[in-house]
Amino acid sequence: MDEGLRKRKSEDKGREDGQSIQSHEPQKTNLQKEVGLISGICMIVGTIIGSGIFVSPKSVLANVEAVGPCLTIWAACGVLATLGALCFAELGTMITKSGGEYPYLMEAFGPIPAFLFSWTSLLVTKPSSFAIICLSFAEYASAPFYPGCDPPQVVIKCLAAAAIVVITLVNSLSVKLGSYLQNFLTAAKMIIVTIIIVSGIVLLAQGKTENFQDSFKDSKISVSSISLAFYNGLWAYDGWNQLNYITEELKNPYRNLPLSIIIGIPLVTVCYVLINVSYFTVMSSTELLQSQAVAVTFGDRVLYPASWIVPLFVVFSTIGSANGTCFTAGRLVYVAGREGHMLKVLSYISVKRLTPAPAIMFYGAIAIIYIIPGDIETLINYFSFAVWIFYGLTILALIVMRFTRKELKRPIKVPIIIPVIVTLVSIVLVLAPIITAPELAYLYCVLFILSGLIVYALFVHFKFDWPQKISKPMTMHLQMLLEVVPAEEV
């Protein structure tokens, strides 16, 4: 063991002060604290801003049918994401474990809700989202080579699989490398964000304001339409909680976690609102709804003959979002393996690089599987449904622990009204699509989540260990090939 790692372990141990869930993790895991404030902000901004805001913001407009309510929804979604992230900041500084919602649900409600979260996230929401982001990248990257027609599906899927492999390898090799790549790609996507915003402001200054006149006229305002508009808007904001997945790798998390949230998410909100203002400056509501790729249409009208930079930077944007998703979700796999809720080998750490390489590679492999089917759009359409079930449970965990775990140190303590509001909104977001547009897919989603109870009973509660025995030869090969060992041996 090198001197720096030994020193870091000693410092982490000295900070424990007997707090069972707040400080024991560093002694066990030894993941490097490589992510500072700037990298934390970039992780949030880079993960949230993906392809959505550039490709299809029309989904929000389609539900409210007017410019004014549309812009209001985008701003309100940013406020909700910020409030939710502040609740996660309290949880993240109270329970300084990586893994996002997983350790919070474990501490508040026990292993069963935590297992159901990891079961759903590891096998559906996280890898399928990663796959869709990489498919979006592949479509934009291959489009210039097939002018006038759609690229072949085999090309798109192969390119998406290649992107997953490269991103997985980068994050397996080095925390710093993955963090630096995220910083670069975030900077790149902020360039196109700035170009679109500045172009819109210039056009507004020149008097192109006709699309904002009577902006609330003919709007469709109802509980169902607003709920569905929020659903679509919050999809674009998804990723606001990503920093909680790498709490153990944050430098000074008590300071950098809340600061990254307070700076990062409002920055994204301002960008989203201003980008939509720019779109509406150039396009009417009808034209925007008819556009297949809003940012490309904007580029063709405003940036020609340099409109090619829009698809180029959308490629940067999608790769940045995919990299941030892989960087954080790999830690969830790692923590689940460490807690005995997944194969033990997934909790192993690379000796040389101090990264959870097996967990990241497992995550990448599952994502590649999701590329193979012809259509996984239906699954992604119900991503938010599953995600907000667990967001709501996690925020509820914060409220519960205010009464059941009063002894825990809380470096950040948000007013109780904030988690109450977010919990109530989560309930509405989960129930609204079922009530307004009931479909069997929601039932399938719930049944899949509950099927995790069978897996938990067999392999966690009754401890059937044949999966561990079957995986033992693979574990030995991985130890030799990747030079990985159990975290406690590092």
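Using N, Cα and C of the backbone, Cβ positions are placed for all residues, glycine too.
The compositional bias 'Basic and acidic residues' annotation in TrEMBL covers 9-18.
According to TrEMBL, the feature region 'Disordered' maps to 1-27.
If you look up TrEMBL, you'll see 35-54 (among others) marked as transmembrane segment.
The transmembrane segment annotation in TrEMBL covers 66-92 (among others).
Residues 21, 91, 95, 329, 332-333, 336, 339, 341-342, 363, 366, 379, 386, 390, 393-394, 396-398, 400-401, 404-405, 448-450, 452-453, 455-456, 460 of the same chain sit 6 or more residues outside the transmembrane segment (104-124) yet have a Cβ under 8 Å from a Cβ within it. Residues or ranges marked as transmembrane segment in TrEMBL: 104-124 (among others).
Annotated transmembrane segment per TrEMBL: 154-175 (among others), in sequence order. Beyond the transmembrane segment (154-175), the same-chain residues lying 6 or more positions past its ends with a Cβ under 8 Å from any Cβ of the stretch are 31-32, 34-35, 130-131, 134-135, 137-139, 141-142, 181, 249, 319, 322-323, 326-327, 330, 350, 353-355, 357, 360-361, 363-364, 367-368, 371-372.
What TrEMBL records for 187-205 (among others) is transmembrane segment.
Long-range Cβ contacts of the transmembrane segment (259-282) within its own chain (Cβ-Cβ under 8 Å, at least 6 residues beyond either end) map to 37, 40-41, 43-45, 48-49, 53, 57, 67, 70-71, 74-75, 77-79, 81-82, 85-86, 88-89, 193, 196-197, 199-201, 203-204, 208-209, 211-212, 236-237, 240, 243, 288, 294, 297-298, 301-302. TrEMBL lists 259-282 (among others) with the feature transmembrane segment.
Tertiary neighbourhood of the transmembrane segment (308-334): same-chain residues 43, 46-51, 54-55, 98-100, 102, 118, 121-122, 126-127, 129-130, 133-134, 136-137, 140-141, 143-144, 163-164, 167-168, 170-171, 178-179, 181-182, 185-186, 188-189, 191-192, 195, 239, 242-243, 245-246, 248-249, 295-296, 298-299, 342, 346-347, 356, 359-360, 362-364, selected by CB-CB distance under 8 Å and a gap of 6+ residues from either end. Among the features that TrEMBL reports, transmembrane segment is placed at 308-334 (among others).
As annotated by TrEMBL, transmembrane segment applies to 354-373 (among others).
According to TrEMBL, the feature transmembrane segment maps to 379-400 (among others).
Within its own chain, the transmembrane segment (412-435) has Cβ neighbours under 8 Å at 80, 83-84, 86-87, 89-90, 93-94, 223-224, 227-228, 230-231, 234, 254, 257-258, 384-385, 388-389, 391-392, 395-396, 398-399, 402, 442, counting only residues six or more beyond its boundaries. Residues or ranges marked as transmembrane segment by TrEMBL: 412-435 (among others).
Annotation comment: TrEMBL describes 441-462 (among others) as transmembrane segment.
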Legend entry - Tertiary contacts of the transmembrane segment (379-400), as residues 6+ beyond its ends and Cβ separation under 8 Å: 84, 87-88, 90-91, 101, 104-105, 107-109, 113, 117, 120-121, 124-125, 128-129, 132, 231, 234-235, 238, 241, 370, 416, 419-420, 422-423, 426-427, 429-430, 433, 441-442, 445, 449
Legend entry - Contacting positions for the transmembrane segment (66-92) when only residues 6+ beyond its ends and CB under 8 Å are counted: 48, 57, 60, 104, 211-212, 215-221, 226, 229-230, 233-234, 236-237, 240-241, 243-244, 247, 253, 257-258, 261-262, 265-266, 268-270, 272-273, 276-277, 280, 285, 391, 394-395, 397-398, 410, 412-414, 418-419, 421-422, 425
